[in-house]
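Chemist: Structure provided below as structure tokens; questions to follow.
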């Protein structure tokens, strides 16, 4: 699949054009310069031709962080097929604009100069100042008013070759993703074994989420910096490891509520959306610092989506605490995540990272498993005999049988005579019995007491 990359200085409208071409809001857009710091990718169709659209980080020489972004952007451009260089039509062309453009021209790829924010006759006159760039393909557009986009799309389609697929590792995954059934229907364990594993990396700012992503995929595509809050857009990496395909998403770092500005508030909402579409969450904690109330809140956000969960103690090489001591504190403070395994790593030092993949696979297997109905009912029957369900106002409360009605996580219906009378403490008792008898480490269990004939709604954990 051929690749199109959007390149330009911060705040020229690359993310807005990306969203327009992708026909959905994927990249965060804002008037704040430098909103996009990492690359976003989306498979799109232009005039009936499939291609991969890449929204690069803004190119700017004014900070150390953006020098890192520039290096990554130019490397990404070198591996693309078409370059769209965007400039701000409300600003006169600068020497920096020309320097970046000529550097891209050296790659000998089809390149178009796209002048955005042409919203008036005055803007059209100013656009003539860009004619001395010496490029034939110049497009005047206004993404906000949706003008000029059709002409640009037609030019892109003309550059795309028919039936050309590059032998790029990432493209091997596209056919796989196309065949993936994500309609929310109940799937068999066999289908789960074939599909890719979606892993969201969450935590407060500067705990090392981007470093962990880089260590996991052995590639430094996510921007890493000591500046708190470096990642704003969620960063996706699709990666194959020992025959399994993983999609890692490095979500935006979550700050204290009072410090969340508009752009980061939207990023927080995006984080929740990412988790909603994930299978497993890696909750990253900074083991070199005391646990905070914000760590607990973030854990609660991740927990509400009923994902597989792994707690990652990062920066372990800088920690002065004993592992067992910190684990005890986590289990005391995060009681609702008592089922989550805990692992210590050093992302920057790449220590113990290799132990994460087997752990992710183990949790995913538990997350998607189908429990044999006969064994499930044996465990429930033994549990109720050992500790009968308390009576309600003198009337007996019975479980007739149990049946699994969903996966990811395991969802189990308890068919009863009085489902509303099953106390939450007894449900917790049953969940503990299930954990003792089945491999359910790292996953929540949803128990849904129901009457005969009742639909699988109002699930309770």
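Quick reminder: no glycine exception, Cβ is built from N, Cα and C everywhere.
Not my notes, these are from Swiss-Prot:
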DOMAIN    2-164  domain 'EngA-type G 1'
BINDING   8-15, 55-59, 116-119  GTP 1 binding site
DOMAIN    197-368  domain 'EngA-type G 2'
BINDING   203-210, 250-254, 314-317  GTP 2 binding site
DOMAIN    369-453  domain 'KH-like'
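Structural setting of the listed features?
Modeler: In the structure as shown, the Cβ atom of residue 11 (GTP 1 binding site) sits within 10 Å of 20 other Cβ atoms.
Within 10 Å of the C-beta of residue 206 (GTP 2 binding site) there are 18 other C-beta atoms, taking all protein chains into account.
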Chemist: Roughly how many Å separate the Cα of residue 56 (GTP 1 binding site) from that of residue 203 (GTP 2 binding site), to the nearest whole number?
Modeler: 24
Chemist: Could you measure between residue 8 (GTP 1 binding site) and residue 209 (GTP 2 binding site) for me? Cα positions, answer in whole angstrom.
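Modeler: The Cα atom of residue 8 (GTP 1 binding site) is 26 Å away from the Cα atom of residue 209 (GTP 2 binding site).
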Chemist: List the residues of the same chain that sit at least 6 positions away from residue 316 (GTP 2 binding site) in sequence and have their Cβ under 8 Å from its Cβ, in sequence order, or write 'none'.
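Modeler: When sequence neighbours closer than 6 are ignored, residue 316 (GTP 2 binding site) has 287, 344, 345, 346, 351, 352 within Cβ distance under 8 Å.
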Chemist: Using a 10 Å radius around its CB, how many other CB atoms surround residue 118 (GTP 1 binding site)?
Modeler: 22
Chemist: How far is it from residue 118 (GTP 1 binding site) to residue 209 (GTP 2 binding site), counting Cα to Cα, in Å?
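Modeler: Residue 209 (GTP 2 binding site) has its Cα 39 Å from the Cα of residue 118 (GTP 1 binding site).
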Chemist: Taking the Cβ of residue 203 (GTP 2 binding site) as the centre, count every other Cβ atom within 10 Å, in any protein chain shown.
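Modeler: Within a 10 Å radius of the Cβ of residue 203 (GTP 2 binding site) lie 26 other Cβ atoms.
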